[in-house]
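Below: the structure, in structure tokens.
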Amino acid sequence: MLAGLRIRPIPKMVRRHGVKCATAILLLLVLRIMSRHVFIRGSVEQGSLNAEGFTRMSWRGAGNVQQTPLSADQEAIVEMMLHAWSAYKSVAWGKDTLRPISGTYETWFNTGLTIIDSIDSLWLMNLTDEYKAARHWAETSLDLAQNHYVNVFECTIRCLGGFLSAYALSGDILWLKKAEDLGGRLLPAFRKHASGLPTQDVNLKTGDAKGSEVSTSEATTLLLEFRTLAYYTGRSEFAEVVERVMDVVRKNLPKDKLVTLYMNPVTGGFIGNTKSLGARADSFYEYLLKAWLLSGRTDERWRKWYVEEAQAVNSQLVKTNFAGMTYLGELRRDSYVAKMDHLCCFYPGVLALGSLFDVSDGAGQRNLKEAGHDVEHLTLAKELTDTCFEMYNITNLKLGPEIAHFDGSSVFIKPNDAHSLLRPEAVEAFFIMYRVTKDKKYRNFGRRVYTAINKHARVENGFASVRSANAESPMYIDKMESFFLAETLKYLFLLFSEDESFLRLDRWVLNTEAHPLPVQDSEL
């Protein structure tokens, strides 16, 4: 795991002053290499090209990206990762997802999705053998030229994000080659219609693109990955297509600033009248803030737009019931519906992350240690995070349901909404809230969540989604989602890190699939 490490030539003074000096220098060099083996600190200069012509990355000040020793909680989470990974490897190796109950597999993209989605989790957890196995498979068996339609959004956040993160963490050029290959295969989706909005699906081999509509989140949650790909490869076309998408969205934005769930890729306009921070719209709001962070907090377009959207969300979708519980509802034809998807639990993490860099007043140039907090956003983030935990706490199995409903004095789960897919959004919020506030209650929240997962979702072949979090005993859905390894376990692992420089929030931006991308140090 030392790919990308540059060893400088031995200085002339060593050759002049003999063995003692050489020994001292050698000892310092060994110590430096050992520290890099544990923490993999960056040393490759931005702008240098290797033999293949790819631009190498810059880790300047990016902080630690591997950590030892582990806390007891992290040891438990690594064991969960190994249990999930081992089951996948023994039953479904090279396939997209594991069916843990039947001991079979599921094909979706036909790209070994669980492997690609898990690479950076394996790296961060220092699971060297497992990482090497994943890399060997990618080098020898992965063929992206699949005569198969893939969802552009899902393939971008999971596969393209996974490749880019693996490259950013390891410096291994294999992952950048895969990222550029995949990015090129996704580009035809942006060229189908004059509006520039991507189609929903594209064939990775033929480039045929299809889909009469695209969800707003699917169209807009491509910005980080394609800009990062452009940054690494020097190919501006990757950035241009996603910038154009965001221009179209901005041009057609409703007066109340809240986007609807779907867009028409032919006209570029919005479709429907439901407005929510749940499925189909969620990560649009997330990526506005993260685009600003990815730019090194220099691109004011994204900061200003994010602040506008946060104000619209906070004033129109946030409510508090008589019991003092704050939640995010949705608008349907301008009527308020007091339901909150588990997916909405990403939002308190985003609010807290923005507050860390004073996003509302534009003070984002300050360093992490110097930054103050946007009090209003952070207060709301705390309230919503408590609600997200309560969604778990009210169920019999203490697992997160898909949707919670609210009335004047309580929160409740309807039978059809009680299934638990072991989603990551709540533990993502716990992780960011802990990093921002250092309040140990968020670790307690996370501990209770992973304990419940281990108790009720763990099966012989990995982990399975649960049909009802309100059942007396679990009944299973025959699927282990790749995001369980990519996101849920990763966020839990990060939550319990005692090393504050481990994946620093001012140097890394995690995409919506929890793949870390380094903050960019220069313009494209």
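Including glycine, each Cβ sits where the backbone N, Cα and C put it.
Features as listed in TrEMBL:
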ACT_SITE  GLU154  active site, proton donor
ACT_SITE  ASP282  active site
DISULFID  CYS345-CYS388  disulfide bond
ACT_SITE  GLU402  active site, proton donor
ACT_SITE  GLU425  active site
BINDING   THR512  Ca(2+) binding site
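For the recorded positions GLU154, GLU402, GLU425, THR512, a Cα-Cα cutoff of 10 angstroms around CYS345 (disulfide bond) retains GLU425. In this structure, the C-alpha atom of GLU425 (active site) lies 9 angstrom from that of CYS388 (disulfide bond). Cα spacing between THR512 (Ca(2+) binding site) and GLU154 (active site, proton donor): 10 Å, rounded to the nearest whole number. Candidate active-site residues: GLU154, ASP282, GLU402. Nearest to CYS388 (disulfide bond) by Cα distance: GLU402. With every protein chain in view, the residue among the recorded positions CYS345, THR512 whose Cβ has the most Cβ partners within 10 Å turns out to be CYS345. With a cut-off of 8 Å between CB atoms and residues at least 6 apart in sequence, the same chain places SER217, SER276, ASP341, LEU343, CYS344, PHE346, TYR347 near ASP282 (active site), listed in sequence order. In this view, CYS388 (disulfide bond) is surrounded by 29 other Cβ atoms within 10 Å of its Cβ, with every protein chain counted.
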